[in-house]
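The structure under discussion appears below in the form of structure tokens.
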Amino acid sequence: MCSLDYGGKRPRNDKGNKVTVVLGAQWGDEGKGKVVDLLATESDIICRCQGGNNAGHTVVVDGKEYDFHLLPSGIINSKAVSVIGNGVVIHLPGLLEEAEKNEKKGWKIQISMLSGVIMFDFHQAVDGLQEVQRQAQDGINIGTTKKGIGPTYSSKASRTGLRICDLLDDFKDFSTRFKNLAQQYQAMFPTLVVDVDGQLNKLKEYAERIRPMVRDGVYFMYDAINGPPKKILVEGANAALLDIDFGTYPFVTSSNCTVGGVCTGLGIPPLNIGDVYGVVKAYTTRVGIGAFPTEQLNEVGELLQTRGHEVGVTTGRKRRCGWLDLVILRYANMINGFTAFALTKLDILDVMDEIKVGVSYKLKGKKIPYFPANMDVLQKVEVEYEKLPGWKSDTSACRKWEDLPGKAQNYIRFVENHVGVPIKWVGVGKGRESMIQTF
């Protein structure tokens, strides 16, 4: 029997390239695409780890605005390989259309797909039918994007879903399983119509188009991490408060968009996670339904919505707007362990005489030291605010920390001190050049 002597200290197997992660720290729409784009210029591999085409990321480069849904935002760096992980649910027509659109712009698209679950058109139809059903039964729906994300993840969890590797293997077997899955949903939703033969013909065509892009996920990421030095960047979709386990359930997405989803969605060992950057707006927004303690249903909310052009990239819905909520930022940091924050859209606050920041919650007159898991409780909390003076000057031309007005600097330091996370970048505009690096 072999005995290993570690001299009292067991060595850590933490060799290999570290992975940099960018995650949303609120309810999404924080400007993650801009931060990813900034870091992607020096990255070799850029990955998506979860979500689907319900996510919309906007990037502005050289005055041109680009929207991404399934493709990683960092794909603008044509020297990097873009990876769509096994944790992503993939709508193949949407992916191929997005790739073609961007190839026409002159970008070289290199996609490696790590056997994610396929989203079918009937998943999208079911998403809409479920929303109608919820509204009829409960008088309220979830407010999903109706892109089929939830039903596809449900198929995965029930082990009836079909993956990219299934599509590329025995198409006869794939066809049988596809028909069975369609029949299951038709049994649950009698009004659902599925063109089985038409769908299968298209899928057979898609299979040949994507075949050169597909890699074995575990081996691909292992080689990337343990091979020659590489900079690997992971872009999370959605945000901490939309996480299926830790978000404002049930008004959440259907995947883990906190740091754990990076490991399971790409096959990355936790020891290889390096810096984890949280992206946060200088105020708070939310799309859809659900509790929102600092929401401002008044002229402040309207001003933030108008000045911030707060409209969902994927849905076109107006975003609900309110003051910055530090309770949810502290909560998001507890889960993710952020290295630093990127604070975006500071310039939207330029016209404010006074700025409020939510610092704690009270329930029945007593301060509560936690973020409520129960949404009925969260709906009832009273927010305690700190008031800070506005700077009343245009920050959009600022490019260095020293350029920012003193009161704007104080606002940033206030956030840092209350959450305990340094702010490494401050966004004062749409473009890449509008991100001020503070350290």
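FYI, residue positions are counted from 1 along the chain as it appears here.
Cβ coordinates come from backbone N, Cα and C, glycine included.
TrEMBL does not curate its annotations; it predicts them automatically.
TrEMBL lists 28-34, 56-58, Arg319, 345-347, 427-429 with the feature GTP binding site. If you look up TrEMBL, you'll see Asp29 marked as active site, proton acceptor. Summarising the annotation, TrEMBL assigns IMP binding site to Asp29, Glu30, Gly31, Lys32, Asn54, Ala55, Gly56, His57, Thr145, Arg159, Asn238, Thr253, Arg317. The Mg(2+) binding site annotation in TrEMBL covers Asp29, Gly56. The active site, proton donor annotation in TrEMBL covers His57. Taken from TrEMBL, the feature active site applies to Lys156. Summarising the annotation, TrEMBL assigns substrate binding site to Val313, Thr314, Thr315, Gly316, Arg317, Lys318, Arg319.
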Other CB atoms within 10 A, centred on Asp29 (active site, proton acceptor): 29
Length of the line joining the Cα atoms of Lys318 (substrate binding site) and Val428 (GTP binding site), in Å: 21
Which of Asn54, Thr58, Thr145, Asn238, the listed binding-site residues, has fewest other Cβ atoms within 10 Å: Thr58
Cα distance (Å, whole number) from Asn238 (IMP binding site) to Val428 (GTP binding site): 22
Entry from the binding-site residues list Gly28, Gly31, Gly316 having the most other CB atoms no farther than 10 A: Gly28
Separation of alpha carbons, Lys34 (GTP binding site) and Arg317 (IMP binding site) (Å): 21
Those residues of the chain, 6+ apart, with a Cβ under 8 Å from that of Lys156 (active site): Val89, Val117
